[in-house]
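These notes are about the structure you will find just below.
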């Protein structure tokens, strides 16, 4: 083996397996590296920093009714830009308790409608109920303990606020102005990380997966979208001109992935042959007529087909809708079966859009569709492991683009758009480990969706793929996706699957967990210097990175 090859090999493994120096992170500051995917939401509210739901109650099913009010109707008592709602939650009582706590934020809950019942329909008397604003919760105390190992239902009627004063999240009103100057209102959602509670009372933690039946009320001049397909439309008694669109029950998923759109937007569907299931792009009528959604429809359909082949795991839902929302806080959001985007990250204008912008659109679509497997099918149990969602989506978006748009040279762009950003982010005082322990004890802030969770995690994943080789790495990811189907994961769940196949891929005594722990549990990265002394001799040294001091 030539000296240069020896040096490269040693250099690589020093980088790959180095135990990084521990540095004190500053958990309340955002990383300043820009990303088109973050922040998820610019709003942050001071809450009880240590509040988590009790493990005593575990939800399994939701039945949600929402009727967004998008226009004033003469003679109606409906309040503009609100949404009357009703939710029925089926939950399992794992331990005796007389306290039911659900998340609720800016919801007007009508106490007389709150009901608790056993699975056989026997009412459970309520002794007390009250909101706790500091915890974003609504607390219900029953007159006696709920019985252990028993299923119950909780029913609540409420009014959601769509005014957007608390940020463009939860269920909110968006709008566009047409060529004639007319304003068209629409309802949209953005739930991640902790805003499903603004749309409906719920157990709003990512690990508490459940199945959802969504019923969206609309007037006849609107159309609705949700995660699944419409299975029935029926009139609303005593409300002429209103109907319920009733959606097929979802697979088990987290509350932050629930999505809804009520609008007069129109769509273009991907041509037959690109993918077997319906893939549609939604935008204003003028934009669709101008062909702005054609490119995205083809890219989305081809990307879904690529990921099915890549993972050998079928996409779980019956359709994929992607919607260009005129006002949308993050760059894009991966809601299962209903991805939402800023207009400039989904739409292409023939003869106007640059090649760089086309790359951006293809890459963002790849990112959100990768989430249908990493993030939706398997979800981080808590936000401290958000890298399991975002790191893989970052890495995989370039893998899909290599097949969909090789002319953009995504494998080269990965180094400038991902690796370099990761290096920059990881020497700032605001850096933190990829597995972010700060999020175990502080308010979950969208500011933690940063260059560490996205770019650094994506870079480390790609580095590990190079150790195993692509074919072997994908085979191990299949185990993770198969065995953790519809479950919530911690990083060790991934590592155990990566270690679950034998093979001469790692040095003796090294495991995937040891490798990843050295990168995910500490900040920074090693700086390796190789000095040539003679043709056959070299000197290798390693130091750990240091924090850049910010001068004031």
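Every residue, even glycine, has its Cβ placed from backbone N, Cα and C.
As annotated by TrEMBL, active site, proton acceptor applies to 368.
The Zn(2+) binding site feature in TrEMBL is assigned to 367, 371, 390.
Residues annotated as domain 'Aminopeptidase N-like N-terminal' in TrEMBL: 58-257.
The domain 'Peptidase M1 membrane alanine aminopeptidase' annotation in TrEMBL covers 295-503.
The feature signal peptide is assigned by TrEMBL to 1-24.
According to TrEMBL, the site 'Transition state stabilizer' annotation covers 454.
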Next item on the list: Using C-alpha atoms only, work out the spacing between residue 368 (active site, proton acceptor) and residue 390 (Zn(2+) binding site) and round it to an integer in Å.
Entry: 9
Next item on the list: Pick the one among the binding-site residues 367, 371 whose Cβ has the fewest other Cβ atoms within 10 Å in this structure.
Entry: 371
Check: At the level of the C-alpha atoms, what whole-angstrom distance separates residue 371 (Zn(2+) binding site) and residue 454 (site 'Transition state stabilizer')?
Finding: 12
Notebook entry, point to check: Rounded to the nearest angstrom, how far is the Cα of residue 367 (Zn(2+) binding site) from the Cα of residue 454 (site 'Transition state stabilizer')?
Noted result: 11
